[in-house]
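Structure first, then comments.
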Amino acid sequence: MNVLLLLVLCTLAMGCGATSPPQPAARPSSLLSLDCNSSYVLDIANDILQDINRDRKDGYVLSLNRVSDAREHRQEAGLGSLFYFTLDVLETGCHVLSRTSWKNCEVRIFHESVYGQCKAIFYINKEKRIFYLPAYNCTLRPVSQSAIIMTCPDCPSTSPYDLSNPRFMETATESLAKYNSESPSKQYSLVKITKTSSQWVFGPAYFVEYLIKESPCVKSEGSSCALESPGSVPVGICHGSLGEPQGNQGKIISVTCSFFNSQAPTPRGENATVNQRPANPSKTEELQQQNTAPTNSPTKAVPKGSVQYLPDWDKKREGSQEKDPVETFPVQLDLTTNPQGESLDVSFLFQEPMEEKVVVLPFPSKEQRSAECPGPAQKGYPFILPS
């Protein structure tokens, strides 16, 4: 009995002296795949798209066609979640300077369609009422001309970014001259052409969209008026057309213009946040601008977004060496390539004077997305759905 007791005591002593094996380093929590058609996901997609449109200074408002992928990365307790969304989008007829919500804008008719994809990283902290877009990238391209001809052979031939044809500039200048001649007092000048197309309707016809700015001149001053200041900003957008029917020596010119809301949009800082009501907004914006300034620390740099435009897919195929090239949208958005993730400083979003960081992961590929993704499309034409 004494021998048995001695063995037990020795065993316990050896166990107490032993050290536990080293534990593996903590790994970030895995991404959760979300249902692309759930109201929860669609609400977040709406906020993301509103912020993307609000951040842009050029181009047209983008509308949601469908959610292609949605992931959630839950952070430590009290820090909310980071979301990784891939959105299929369509261009609308509203210019971004109009500050119109995408839900109030009509998408372009089929032969004028511009479609594409946006990837976005979005931060939500419901407890602190913070909705914040740190990064996004979008890639767009016009609908294939061969698809238009096959579907609607009589539709106008769109060349949305082609300014090489001098007739487009002629259409813009002459239609604006017509508008100024009919304006009772104010005069306007051309800023830039934003969209072009042409069609044969009993003769050539040209269509343009262009931004205008207000001239300090009034009609009564005529040629005695000095040139407008170079710093003036666009105040509206015009749609002009010029037609030359066969057998008619004259030109048929038409023009309509709409003006942007003169009231400046609500300040939201250098990067947009939604539904955040800090106690001292000016301090929050100041901190936000400091945080977005270039620094030597990648964890404190908050990137902006961009929108790139690709040529018509037909032109892409013409220059390809492949027999049947597959259409792709090279939308890249990676704040890090480290599979373990890196920290992103979001302290400036919080009212409390403390350091707050979230873990950002490499943007996920679509291979791991939910079976409920992509969601149903608002416009299901195969020609305007990114593959």
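Our numbering is plain: 1 for the first residue shown, then up by one each step along the chain.
Using the three backbone atoms N, Cα and C, a Cβ is placed for every residue, glycine included.
According to Swiss-Prot, the feature compositional bias 'Polar residues' maps to 272-299.
In the shown protein chains, 20 other C-beta atoms lie within 10 A of the C-beta of CYS105 (disulfide bond). If you look up Swiss-Prot, you'll see CYS94-CYS105 (among others) marked as disulfide bond, on the strength of sequence analysis.
Look at Swiss-Prot and you will find CYS118-CYS138 (among others) tagged as disulfide bond, backed by sequence analysis. Its Cβ placed at the centre, CYS138 (disulfide bond) has 23 other Cβ atoms within 10 Å.
Within the same chain, the residues at least 6 positions away from CYS155 (disulfide bond) whose Cβ sits under 8 Å from its Cβ are PHE110, HIS111, ILE148, GLN199, listed in sequence order. According to Swiss-Prot, the disulfide bond annotation covers CYS152-CYS155 (among others).
All chains included, 20 other C-beta atoms sit within 10 angstroms of the C-beta of CYS217 (disulfide bond). If you look up Swiss-Prot, you'll see CYS217-CYS225 (among others) marked as disulfide bond, on the strength of sequence analysis.
Annotated disulfide bond per Swiss-Prot: CYS238-CYS257 (among others), in sequence order, evidence recorded as sequence analysis. A C-beta separation below 8 Å, combined with a sequence spacing of at least six in one chain, links CYS238 (disulfide bond) to ALA172, SER175, LEU176, TYR179, GLU209, TYR210, LEU211, ILE212, VAL255, THR256, CYS257, SER258.
Taking DSSP states H, G and I as helix and E and B as strand, the domain 'Cystatin fetuin-B-type 1' (25-139) has 26 helix, 55 strand, 34 coil. Residues or ranges marked as domain 'Cystatin fetuin-B-type 1' by Swiss-Prot on the basis of sequence analysis: 25-139.
Swiss-Prot lists 150-258 with the feature domain 'Cystatin fetuin-B-type 2'.
The N-linked glycosylation site feature in Swiss-Prot is assigned to ASN37 (among others). Non-local neighbourhood of ASN37 (N-linked glycosylation site): VAL67, GLU372, GLY375, PRO376, each in the same chain, at least six residues away, with C-beta under 8 Å from its C-beta.
The N-linked glycosylation site annotation in Swiss-Prot covers ASN137 (among others) and is backed by sequence analysis. Around ASN137 (N-linked glycosylation site), a 10 Å sphere centred on its CB holds 22 further CB atoms from the protein chains shown.
Annotated N-linked glycosylation site per Swiss-Prot: ASN271 (among others), in sequence order, evidence recorded as sequence analysis.
Under the heading O-linked glycosylation site, Swiss-Prot lists THR292 (among others), citing experimental evidence as support.
Among the features that Swiss-Prot reports, O-linked glycosylation site is placed at THR295 (among others), with the record citing experimental evidence.
The C-beta environment of CYS94 (disulfide bond), restricted to residues of the same chain at least 6 apart in sequence and closer than 8 Å, consists of TYR60, VAL61, THR100, TRP102, ASN104, CYS105. Note: the Cα of CYS217 (disulfide bond) and the Cα of CYS138 (disulfide bond) are spaced 39 Å from each other. In three-state terms derived from DSSP, CYS238 (disulfide bond) belongs to an extended strand segment. Listed in sequence order, PHE110, HIS111 are the same-chain residues at least 6 apart in sequence whose CB falls under 8 Å from the CB of CYS152 (disulfide bond).
For the disulfide-bonded residues given as CYS118, CYS257, the lowest number of other CB atoms within 10 Å of the residue's CB is seen at CYS257.
Per DSSP, the domain 'Cystatin fetuin-B-type 2' (150-258) is made up of 25 helix, 49 strand, 35 coil.
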